[in-house]
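**Q** Got a structure for you, written out below as structure tokens; questions coming shortly.
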Amino acid sequence: MTLEFSTLGLAPDFVDYMKGWDTQRELHDKVVAAEAPSTVLLLEHAAVYTAGKLTEDHERPFDGTPVVAVDRGGKLTWHGPGQLIAYPILKLKNRSGIRDYVERLEAVMIAVMADYGINAERIKGRAGVWIKADSKGPDRKIAAIGIRVLDGVTMHGIAINCNNDLAPYAQIIACGITDAGVTTMSIEAGRTITPGDIAERVVEEFRKHEEALVSSPEGALL
């Protein structure tokens with residue numbers, strides 16, 4: 001296999017955001033140089049707000065909570081305990097296939113959620129994975145995507161709300177969205193689902209897309 005997986009830390013071993021970002025950048029440089037294989041990093045972060053390149057001032061926390069500015073696309077979001085993060089550091093087979101890459105990330109999450117009876121889907125014009133409006137409420141986001149591609153290798157990735165507290169979202173305009181809500185797998189399934197519960201299924205779903213996504217450059221360590 002050309003794709004590897006590394007668990008940096010799940011509850012109670014939460015990963016500081018800056019430490020995780022440093023790990024991403026170091027691994028990215030190695031993958032670009034063909035000194036390491038494409039790898040998906042799995043983890044839970046300690047609580048933090050991060051702001052993508054499109055974040056506007058009025059979308060920042062209302063209480064002045066510090067925010068980490070990052071080099072991914074997208075806007076402001078929260079990461080923390082109860083949310084599974086996957087950072088694919090992949091050398092893309094098709095360097096121009098960014099839309100296909102994003103759709104495959106969405107497919108990974110949708111398939112995992114289906115295992116728990118959760119009907120997650122894409123909504124046109126909205127990034128990430130969603131539960132469409134129903135008797136429980138309006139459209140609500142259950143997973144986020146924010147990526148960067150540099151020198152043909154991806155960074156950042158996906159965040160799946162498993163059993164995280166939604167209170168931090170009340171302090172921000174999450175992802176710049178004002179007309180929809182936020183939810184978790186646990187809320188939608190009616191039972192507790194943790195990042196540790198779904199991590200292996202996320203790995204299995206990524207494996208299904210490996211051949212289509214991941215380049216195997218000569219000289220890479222496989």
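Every residue gets a Cβ built from N, Cα and C, even glycine.
Pasting the relevant annotations from Swiss-Prot:
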| type | residues | note |
| --- | --- | --- |
| ACT_SITE | CYS175 | active site, acyl-thioester intermediate |
| BINDING | ARG72, GLY73, GLY74, LYS75, LEU76, THR77, TRP78, HIS79, ALA144, ILE145, GLY146, GLY157, ILE158, ALA159 | substrate binding site |
| DOMAIN | 34-214 | domain 'BPL/LPL catalytic' |
| SITE | LYS141 | site 'Lowers pKa of active site Cys' |
**Q** Rounded to a whole angstrom, what is the largest C-alpha distance between any two of the residues ARG72, GLY73, GLY74, LYS75, LEU76, THR77, TRP78, HIS79, ALA144, ILE145, GLY146, GLY157, ILE158, ALA159 that the record assigns to substrate?
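**A** Pairwise Cα check on ARG72, GLY73, GLY74, LYS75, LEU76, THR77, TRP78, HIS79, ALA144, ILE145, GLY146, GLY157, ILE158, ALA159 gives a maximum of 15 Å.
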**Q** By the count of other Cβ atoms within 10 Å, pick out the sparsest of the recorded positions ARG72, LYS141.
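**A** Looking at the recorded positions ARG72, LYS141, the Cβ with the fewest others within 10 Å is that of ARG72.
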**Q** List the Cα distance (Å, whole number) between LYS141 (site 'Lowers pKa of active site Cys') and GLY74 (substrate binding site).
**A** 14
**Q** When a 10 Å sphere is centred on the Cβ of GLY74 (substrate binding site), how many other Cβ atoms does it contain?
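**A** By my count, 22.
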**Q** Need the DSSP three-state call for LEU76 (substrate binding site) to compare against my parser.
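**A** Assignment for LEU76 (substrate binding site) reads strand.
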**Q** Does DSSP give GLY146 (substrate binding site) helix, strand or coil?
**A** strand
